[in-house]
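Some features that TrEMBL has for this protein:
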type	residues	note
TRANSMEM	47-69	transmembrane segment
TRANSMEM	251-271	transmembrane segment
TRANSMEM	278-296	transmembrane segment
TRANSMEM	334-355	transmembrane segment
TRANSMEM	375-399	transmembrane segment
TRANSMEM	472-497	transmembrane segment
TRANSMEM	518-538	transmembrane segment
TRANSMEM	620-641	transmembrane segment
TRANSMEM	662-682	transmembrane segment
Amino acid sequence: MSDEGYPRTFDPNFKGPVAKSKVSSQVHSCSSRGIEIRITNRSCTDVLCCIIFILFIIAYILLGLVAWVHGDPRRVAYPTDSKGHFCGQKGTPNENKTILFYFNLFSCTSPSVVVNLQCPTTQICVSKCPEKFLTYMEIQFMYRTNKHYWMYYSQFCKSPFVKPAKTVTQVLLDDDCPIAIFPSKPFLQRCFPDFTTKNGTLTVGNKTIFEDGSGKKRNAIELRRAANRVNKILDARAIGMKVFEDYATTWYWILIGLTIAMLLSWLFVILLRFTAGFLFWVFMVGVIGIIGYGIWHCYQEHSNLQGRPNSHLTIYDIGFQTDISMYFQLKQTWFAFMIILCLLEVFIILMLIFLRERIRISIALLKEGSKAIGYLPTTLIYPVLTFIFLSICIAYWAVTAIYLATSGVPIYKVISPERTCKHENTTCNPEIFNTTEIARVCPGAQCNFAFYGGKSLYHQYVPTFQMFNLFVFLWLINFIIALGQCALAGAFASYYWALKKPDDIPQYPVFTAFGRAIRYHTGSLAFGSLILALIQMFKLVLEYLDHRLKEAQNNISKFLQCCLKCCFWCLEKMVKFFNRNAYVMIAIYGKNFCRSARDAFNLLMRNVLKVAVMDKVTDFVLILGKILVAGCIGVLAFLLFTHRLPVMIEGPTSLNYYWVPLLTVIIGSYLVAHGFFSVYAMCIDTIFICFCEDLERNDGSREKPYFIAPTLHGTLNKMQLVPLKQKE
């Protein structure tokens, strides 16, 4: 890039453009020429990283194609029997058998369930679940008088039999039929006992005590314990079904809420241009009022629970519950919410008191940012493009992960109920298992389906491919965000460095800056996003190790884990901050990533007071704006979903958990507001960087005038953050 106009480095001896004619027109024309040179005379930066990035994308696409060839997502959609066959798959003998049935649920209390994630009992596909209590011994007697009973019982056997001629011992050894069946209901395409509670007593099919087919008496509690071993997340999945029902009931209300949040965010952005000061205090009063309403509501709920049975219990007393509504029946829960909201309210009020002078500067910056967005309205559409790119990446990653997870052929493992077999967890062949030495050495052992895999080179590296899939996903996500930041920074920089606004602003600045970033600086953006992706990958590995080794950790290892997590969290935040400012410098000057990051760091360090006074306080104001949007929509959603607005509008009825759509609306509204205000934040950051550059390169003389807006310059004069007067 040429050294004409504005130099690419921080040169204190730079004297600005040379006069040729009238002073005013000369400065304008030279300034415009300097901007044009910075835009046109560019070269590709960080080419090596660009090549590596493109190769990774090509490899990522090839990985998706290979996974698509080897994977089968039906393995996620359909339950699989002990032979590895799908239940309910069309075109197979199990087409009409859509439900998985367990021969002996009591064997599922074995510790091997936790180790191998499989119940050591035969599992077959059936068309319906049992509806009555029956044992194999009872069927042998009943068959003599009525063959219909055997016809009913035999549908739960591996293969049809003419009559129950085998003894119970033979049935157990050959594993042809269950020795007992219990009243069950299908849940998640699996047969689970039909548990009910009568007068506080757990029953199965109106019975508390029953025979298990081997001559033993069992009770419903034992069966429940066995069922929970099979499906440890049975209750959680039941809640998942209720949550799904709530979403099905309220989806259009959620869309309406998100649409209102979008319109409200857009309205705030427009109003900030004309009434930034007034709107700021609306933000303040609104946020304080919403938090105050939350405190009052928590107090009311706490008071209403006075005297109710069990409301005095603590969260520790009831332990972990999958039914979240139980926590809202405790006084301690509402008291904790009230304390948190009170602390937040006090924090915001103290911030307003101590930062009242700096907030004046933030308001001036907000006004300048509003003018920039007013001249560049297409910047408000750019978050939609970012959302589309992110959605494509997330969908591709999820589909690839599913296809990788379902790659391979069925793998069968030896499973022993008592875990006494020396061949436990070894690979086996179910077709010939009963004739092998393992079946004789380990009576009662089963050769059951375990997972999908294989011995080929591809199958051996599936876990590695999953790691690669996750890493490239993180890299692409960070690259898309970086691309958006660089494109917006280029557009807003063209606004700031235009001496005569809007005449000097180039046409289509957003699309021009976007094309410039893709054409010249893909490598630099990939470099910055690569650093961030590596840090995030290390964080995920730490989280995974912490989850897997949680029970084996001592206090020292837990302390080290917490320290590492804290360090990586701080490192990630710091890298995000420096990357953001580096992208602004890349958009303005077109240097590579390292030089841009160095220049941005040096510039911020030379203006550290301005960073604290102007930039961060403005971020605080924008965060309050996001909270206000989410809070307004959240209060309306709360009143609607709890039927507090019956006079104005009738909300959805019969919700299982009103807080599910409520949290969805609040979080979604915050993300929508974040999308709009992130454009604002990028605008402020870019203007701030350009402002610092402006003060260092110009002295306010007629030959080298400031590009800063006169109104903002006047406000900063009062705060003594810029020279008190321009040089003549």
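Positions of Cβ are set from backbone N, Cα and C atoms, glycine also.
Contact between the transmembrane segment (375-399) and the transmembrane segment (662-682) holds: at least three of their C-beta pairs are under 8 Å, each pair 6 or more apart in sequence. Across 47-69, 251-271, 518-538, 620-641, 662-682, stretch 518-538 shows the highest tally of CB pairs under 8 A with the transmembrane segment (472-497). By the Cβ criterion (distance under 8 Å, sequence gap of 6 or more), the transmembrane segment (47-69) is counted as touching the transmembrane segment (518-538), at least 3 such pairs being found. Outside the transmembrane segment (662-682) by six or more residues, the chain places 247, 253-254, 257-258, 261-262, 264-266, 268-269, 272, 366, 369, 373, 379-380, 382-383, 386-387, 485, 488-489, 492, 618-619, 622, 625-627, 629-631, 633-634, 637-638, 641 with a CB less than 8 A from a CB of the stretch. A Cβ distance under 8 Å defines the sequence-distant neighbours of the transmembrane segment (620-641), meaning residues of its chain 6+ beyond its ends; these are 250, 253, 257, 260-261, 264-265, 268, 280, 282-284, 286-287, 290-291, 293, 348, 351, 355, 359, 362-363, 366, 649, 651-652, 655, 658, 661-662, 665-667, 669-670, 672-674, 677, 680-681, 684.
Within its own chain, the transmembrane segment (251-271) has Cβ neighbours under 8 Å at 279, 370, 373, 380, 625, 629-630, 632-633, 636-637, 640-641, 651-652, 661, 664-665, 668-669, 672-673, 675-677, 679-680, counting only residues six or more beyond its boundaries.
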